[in-house]
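Feature annotation from Swiss-Prot assigns transmembrane segment to 16-36, 52-72, 98-118, 168-188, 219-239, 243-263, 283-303, 366-386. Annotation source Swiss-Prot lists region 'Disordered' at 417-445.
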Amino acid sequence: MSRDPTGVGARWAIMIVSLGVTASSFLFINGVAFLIPRLENARGTPLSHAGLLASMPSWGLVVTMFAWGYLLDHVGERMVMAVGSALTAAAAYAAASVHSLLWIGVFLFLGGMAAGGCNSAGGRLVSGWFPPQQRGLAMGIRQTAQPLGIASGALVIPELAERGVHAGLMFPAVVCTLAAVASVLGIVDPPRKSRTKASEQELASPYRGSSILWRIHAASALLMMPQTVTVTFMLVWLINHHGWSVAQAGVLVTISQLLGALGRVAVGRWSDHVGSRMRPVRLIAAAAAATLFLLAAVDNEGSRYDVLLMIAISVIAVLDNGLEAAAITEYAGPYWSGRALGIQNTTQRLMAAAGPPLFGSLITTAAYPTAWALCGVFPLAAVPLVPVRLLPPGLETRARRQSVRRHRWWQAVRCHAWPNGPRRPGPPGQPRRVRQGGTAITPPT
């Protein structure tokens, strides 16, 4: 690949390579959850213990995310993605080579430590190569890496695991090896001024004197819990709770993750259109909470809607990540975005690591509906934390235009400004606007 990829096609090609590399890291991080049925059936491993094993890559991520972010700000995306993928592959091969669950957990933890840089590097890469009016769409496409990685794991790992845990772990090992090669050949760092030429203001910490980033971190961490819980327990819920086969459950998990991938692209484009990353995040949080509460209400009641609600929450739960990553890179700037994304991913992974063992124990003692209800509290708590007034640099005019359109539409609705309908008088001195035609006012899009 050319080392000066200024063309549109070259930028998108780099983004696609970044997507594949990041998908491989999420395959490793989340793929262990698809070994749970094998661990339960072949080894008699309790669900709480299997959930703890599935969380080990996330615990490894927590340890190194900020360090990877610091390294990213200083050496660039290509180096971080290549080295991280290679080390993750080595850990996956090591985990596949041992029989003891203790040693498998150790190597999964080490692999999680190695995988921490890929997600931050991929987000920073997109922010560097794409202008503001395309960044939401590009970040949304790049963020399909997580559901695509999980979908590939759901489709392949359960079938391989029928031959043993070793066979299931070999799949992420091979994929991460290919990702390391792709990083070396296909990733090009975006052009940036050197740190020595940057102004003092550009190098200043974006956390100083502002709570914006901390609010984004807190909201995204809370929104991580529904994602973690559904990814970890959807497969085993379908098998044990509904009597599905491993193959049937794996296919449905794959379909839900593919729908989530398409949803991430759609909400990224939506954020470009409305000129805001955070307004969609608040709506996603509210929708996630409502869906989980509905699932808690109908589960165990013999309803035919519980599987549909599970698909819905598994899609909704993955929609927000790209929007938050785009907002962080835009607000933090090129010299702090690596560390800011490192902190962001650390807070998310703390939730991702804590979720499987805690909710595994809760499901064992109190059944699934209680777990869904408790999980719904997390996105509900995120709603007031989302900084909806934060506007992306370069899209302020578009955001204001959308706000004016919404304001005018709501004024019309509140004043019953419909054709042939009663109208409330406006403020003194305000000219009365005459509408013609018989079509009702439609809300702005």
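Numbers run from 1 along the shown chain.
Glycine too: its Cβ is placed from the backbone N, Cα and C atoms.
Below 8 angstroms of C-beta separation, residues 34, 37, 144, 147-148, 150-152, 154-155, 158-159, 162, 234-235, 307, 310-311, 314-319 of the same chain, each at least six residues beyond the ends of the transmembrane segment (243-263), sit close to that stretch. Through the fold, the transmembrane segment (283-303) approaches residues 219, 222-223, 226, 267, 309-310, 312-313, 316-317, 319-320, 367-370, 372-373, 375-380, 382-383, 386 of its own chain, all at least 6 residues removed from its boundaries and within a Cβ separation under 8 Å.
Counting same-chain residues at least six beyond the ends of the transmembrane segment (52-72), those with a Cβ under 8 angstroms from any Cβ of the stretch are 28-30, 32-33, 35-36, 39, 45, 80, 84, 101, 104-105, 108-117, 120-121, 124, 228, 232, 338-343, 345-346, 349-350, 352-357, 360.
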